[in-house]
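TrEMBL has this to say about the protein:
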{"type": "SIGNAL", "residues": "1-28", "note": "signal peptide"}
{"type": "DOMAIN", "residues": "25-226", "note": "domain 'GH16'"}
{"type": "ACT_SITE", "residues": "Glu112", "note": "active site, nucleophile"}
{"type": "ACT_SITE", "residues": "Glu116", "note": "active site, proton donor"}
{"type": "CARBOHYD", "residues": "Asn120", "note": "N-linked glycosylation site"}
Amino acid sequence: MERRASPMPVLLYIAALMAASCCSSSEAAAPKSSFEDNFDIMWSEDHFTTSEDKQIWYLSLDKDTGCGFQTKQKYRFGWFSMKIKLVGGDSAGVVTAYYMCTENGAGPERDELDFEFLGNRSGQPYLIQTNVYKNGTGNREMRHQLWFDPTEEYHTYSILWNNHQIVFFVDKVPIRVFKNNGEANNFFPNEKPMYLFSSIWNADEWATRGGIEKTDWKKSPFVSSYKDFSVDACQWEDPFPACVSTTTKNWWDQYDAWHLSDAQKKDFAWIQRNMVIYDYCKDSERFPTLPVECPLSPWE
């Protein structure tokens with residue numbers, strides 16, 4: 001599918017305003033300056049490097065292995081953000097994942113919030129797949145195109161998570177809104193704290209055109225790069241940290257963060273019209289009876 005080109009002055013203006021005005025909280029966890037302060041390498045430390053000043057981090061994938069990292073701390077609710085530049089050129093079969101999860105591994109009871117960047121042949125657009133898991137059950141995929149080339153510059157990918165909604169942002173523009181219904185349910189992850197992860201790995205059995213396009217290992221190593229990790233969130237402390245109770249002392253747990261603003265709704269409407277490739281809630285062939293969360297309105 002060809003990428004649709006459309007100017008986005010309104011989106012960029014709103015993103016700039018939000019970046020300038022984003023709130024902070026004295027109770028929320030603040031990021032430290034170095035990679036080592038915030039993260040641990042999960043595997044293949046020899047596939048991880050940093051810039052000389054240690055402010056840019058690189059993960060590489062070759063035919064032998066990929067690489068990944070995770071936060072030292074886990075969190076329940078907040079704002080999580082990272083600037084990422086994706087693998088350039090022919091990246092078919094390569095997945096760069098940026099996600100939150102309750103554990104290191106695909107456990108059967110895990111909660112998870114996913115950004116997955118699906119590589120493609122040179123000249124074809126990247127796709128972003130998002131997914132939400134609760135108690136090990138996902139199958140809530142959405143796929144979007146982007147309105148820019150994510151391999152040329154760093155772009156900001158963020159997650160807002162509170163007890164009312166989960167919002168996936170690209171450059172402060174909301175691309176997906178996943179709402180809670182205010183009741184005990186089996187679809188909205190709000191009980192377990194999560195770590196934040198990123199990794200690069202080979203998924204050519206499914207990632208590009210359903211597995212038709214395979215990874216060209218002659219083009220390896222494939223490298224994704226990261227900088228400016230930011231977290232404004234409730235850092236978990238056993239048995240139960242005070243900041244996750246509904247005190248509304250943190251901006252991400254106040255009324256304005258429970259729903260999209262009017263400006264965000266305009267941006268979100270543009271995304272819905274122009275950038276959505278797949279929405280599981282509209283896949284009646286796959287789900288003859290749509291999942292119970294699908295009727296919840298992202299606009300409220």
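Every residue, even glycine, has its Cβ placed from backbone N, Cα and C.
The shown structure was predicted, so the numbers you read here are calculated from the model rather than taken from an experiment.
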Integer Cα-Cα distance in angstrom, the residue listed as 'N-linked glycosylation site' to Glu112 (active site, nucleophile): 25
Asn120 (N-linked glycosylation site): tally of other CB atoms within 10 A of its CB: 19
Local Cβ density at Glu116 (active site, proton donor) - other Cβ atoms counted within 10 Å: 19
For Glu112 (active site, nucleophile), the number of other Cβ atoms found within 10 Å of its own Cβ: 21
Mean of pLDDT values spanning the domain 'GH16' (25-226): 91
